[in-house]
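What TrEMBL says about this one:
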type	residues	note
SIGNAL	1-22	signal peptide
ACT_SITE	65	active site, proton acceptor
BINDING	162	substrate binding site
BINDING	193, 244, 252	Ca(2+) 2 binding site
């Protein structure tokens, strides 16, 4: 049985996500042990987002990177030690930001309910609440009950986080290994509607696409010329540009308009147009209502990847270190 079929069977038989891992993710998991947990996280998150509008993109990306390595277990939050280099220090995660804010939100929950709410759940809820802030209504449902993993390895981050240089085949392989499908791939790519990309993650498309000092022919020439004014060379790893031009702080479906114009920033964005099936999904998501509906469902599925539940793992007191 494939991983995807296994997950589907769990959902059909048990009616909740995560049951087959010895516990379950469910709505209102903390209603008896910490009834105010989700409200505390929401208020703390919104306080920070009000002061820093870049946090929604940062938390969304952090949650994604957490779930794709060992499942949604908060392992991306752990610091390296003298004996271990953690996920946080892997190249794809060096541009993650907001760890201190997650630590602050966790501390707020700990004041009310010590040793009850996991860092993995704090991150999942904070990502949702941050993106939802401007809408003043939750954009997707977050089931809770995750526990925190104790292992975080740089090698696993390098092996599992999708690369912005990936082609369609590599992307599908990566998502399939997590129990997700092509539809999830295209929908979750829509998260690129907020946030920024660093020049070194797409510079090859501007200056050395095939190793001959050439430009990616699939990239909109006018957009490429603009990007070259921002990113002067291949080695620039400090400059960044919006992933969705003109919409970097607005969560909407404009990403798909951009992709259709061949202005997808990363090779992985452009890859969505290289397959007939994914192109069809891109076209469907030009409908804003459909995008929000599909994104909510895909985030719920992503949030259930490889969760640690029941008696496995732990509840960390501080998100950056195991107990």
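Including glycine, each Cβ sits where the backbone N, Cα and C put it.
Mapped onto this structure are the features recorded in TrEMBL.
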residue	record	contacts (Cβ under 8 Å, 6+ apart)
65	active site, proton acceptor	76, 87, 92, 93, 96, 157, 161
162	substrate binding site	68, 170, 171, 174, 175, 268
193	Ca(2+) 2 binding site	243, 244, 247, 250, 251, 252, 253, 254, 255
By a simple count, how many Cβ atoms lie within 10 Å of the Cβ of residue 244 (Ca(2+) 2 binding site), its own Cβ left out?
30
Ten-angstrom check, please: count other Cβ atoms within 10 Å of the Cβ of residue 252 (Ca(2+) 2 binding site), all chains counted.
15
Cβ within 8 Å of the Ca(2+) 2 site's Cβ centroid: which residues qualify beyond 193, 244, 252?
190, 192, 194, 247, 248, 250, 251, 253, 254, 255, 258
